[in-house]
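Contents: one structure, followed by commentary.
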Amino acid sequence: MTTATDGSADGRLRVLVLGSTGSIGTQALEVIAANPDRFEVVGLAAGGSNLDTLLRQRAETGVTEIAIADERAAQLAGDIAYQGPDAVTRLVEETEADVVLNALVGALGLRPTLAALASGARLALANKESLVAGGPLVLQAAQPGQIVPVDSEHSALAQCLRAGTPDEVAKLVLTASGGPFRGWSAADLQEVTPEQAGAHPTWSMGPMNTLNSASLVNKGLELIETHLLFGIPYERIEVVVHPQSIVHSMVTFVDGSTIAQASPPDMKLPISLALGWPRRVPGAARYCDFSQAQTWEFEPLDDEVFPAVELARHAGETGGCMTAVYNAANEEAAAAFLAGRISFPAIVGTIADVLHAADQWAVSPANVDDVLDAQRWARQRAQRAIAKASPAGACEKVSGLA
């Protein structure tokens, strides 16, 4: 059973890294390696698609508690303690840790998230999909302050909110880089290729997060996550485009003050803060250099060309399992785009199609099975939409719902 304590016998925090071979996981291991007096790795988990990286991590960290979800990959690796679809969850349940970093990709992170919360460990959450999909279940399972966000935007909000009391908050402002297609027209987006969508202008991320950032679905997920993490109504959460990605989010208070968190785009800063919260890790990232001339731009998000955020707001305000439906529909549509089956705008068009038909899921889930049922339905509905998707039809569906 994972147990949250003040750390190991030597005072270091014991960290379990889920999704260790991905972008967040590899950077987290670099942060841990650079601060051996603060952190130690006690377990690693990965899907198994990047086996060479996982084996190298095992050798570098010396850990023996390892989970691989893909059984074939686990057999190739040899001497893997936890194998199969439930391997990651069992690793969380049976490994003593103070911090569980969930950097898994997709809604498969839900059960490990719930297991980490049940253990009492601090959850450093990078797997936004588990919170978006699990919503009420995750919040019910969490103790106050147990979840610390890893996303740069939510890490920024957590820092800014320390400047006032909850009743003094007027609104939260999420910033978005705008992605690689900022300023493009809807017609331009019809010709986007997977290669173009995989090139983010300011951040280095995994392929799924990069695609979600290009479609602005990522910002939609972050909008939902913001509401769930901080309890602020959707109408008091704004999204603005900030191409430089220096200001990561802002909080406006009732007296008119706006507090912003600014730093060069580097995920090691929010990762280090989530691992060591509330203590900061010296040297985690570069400072802003104000001795050099800079221009920071802010502009409104074009909801007509990029309707993913407003669709997420619709799903969140509707409630129930609708955010799980939003996420599952996106996962199916994104995979179809990467496979060349649909156009780039049809990703969000597919989400809109699925949400149009999802009234039955506007009921709060009683358990994980309810969430999984909603996601299963959404994936099936998304596949039907994908099969008949056309760019024109997709745009019409989005316009009808947003």
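Each position is counted from 1, following the chain as shown.
Placed from the backbone N, Cα and C atoms, the Cβ positions cover glycine too.
Summarising the annotation, Swiss-Prot assigns NADPH binding site to Thr21, Gly22, Ser23, Ile24, Gly47, Asn50, Asn127, Glu129, Gly206 and lists sequence analysis as the type of evidence. Positions annotated as 1-deoxy-D-xylulose 5-phosphate binding site by Swiss-Prot, on the basis of sequence analysis: Lys128, Ser152, Glu153, Ser177, His200, Ser213, Asn218, Lys219, Glu222. Per Swiss-Prot, the feature Mn(2+) binding site maps to Asp151, Glu153, Glu222; the stated evidence is sequence analysis.
Sequence features annotated in Swiss-Prot and their locations in the structure.
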residue: Thr21; record: NADPH binding site; CB count, 10 Å: 24
residue: Ser23; record: NADPH binding site; CB count, 10 Å: 20
residue: Gly47; record: NADPH binding site; CB count, 10 Å: 21
residue: Asn127; record: NADPH binding site; CB count, 10 Å: 27
residue: Lys128; record: 1-deoxy-D-xylulose 5-phosphate binding site; CB count, 10 Å: 24
residue: Asp151; record: Mn(2+) binding site; CB count, 10 Å: 25
residue: Glu153; record: 1-deoxy-D-xylulose 5-phosphate binding site; CB count, 10 Å: 25
residue: Asn218; record: 1-deoxy-D-xylulose 5-phosphate binding site; CB count, 10 Å: 26
residue: Glu222; record: 1-deoxy-D-xylulose 5-phosphate binding site; CB count, 10 Å: 30
Express the distance between the Cα positions of Thr21 (NADPH binding site) and Lys128 (1-deoxy-D-xylulose 5-phosphate binding site) as a whole number of Å. 17
Alpha-carbon spacing, Asn127 (NADPH binding site) to Glu153 (1-deoxy-D-xylulose 5-phosphate binding site), which is rounded to whole Å: 14
Nearest-integer angstrom distance between the alpha carbons (Cα) of Glu153 (1-deoxy-D-xylulose 5-phosphate binding site) and Ser23 (NADPH binding site): 17
Using DSSP and three states only, what is Asn218 (1-deoxy-D-xylulose 5-phosphate binding site)? helix
Could you check what DSSP calls Gly47 (NADPH binding site) once collapsed to helix, strand or coil? coil
Output field, Mn(2+) shell: CB within 8 Å of site CB centroid, site Asp151, Glu153, Glu222 dropped: Lys128, Pro149, Ser152, His154, Ser155, Leu174, Asn218, Lys219, Leu221, Glu225, Thr226, Ser249
Of the binding-site residues Lys128, Asp151, Asn218, Glu222, the one whose Cα sits nearest to the Cα of Ser23 (NADPH binding site) is Asp151
Gly47 (NADPH binding site) versus Asp151 (Mn(2+) binding site) - Cα distance in angstrom: 21
Under DSSP, is Lys128 (1-deoxy-D-xylulose 5-phosphate binding site) helix, strand or coil? helix
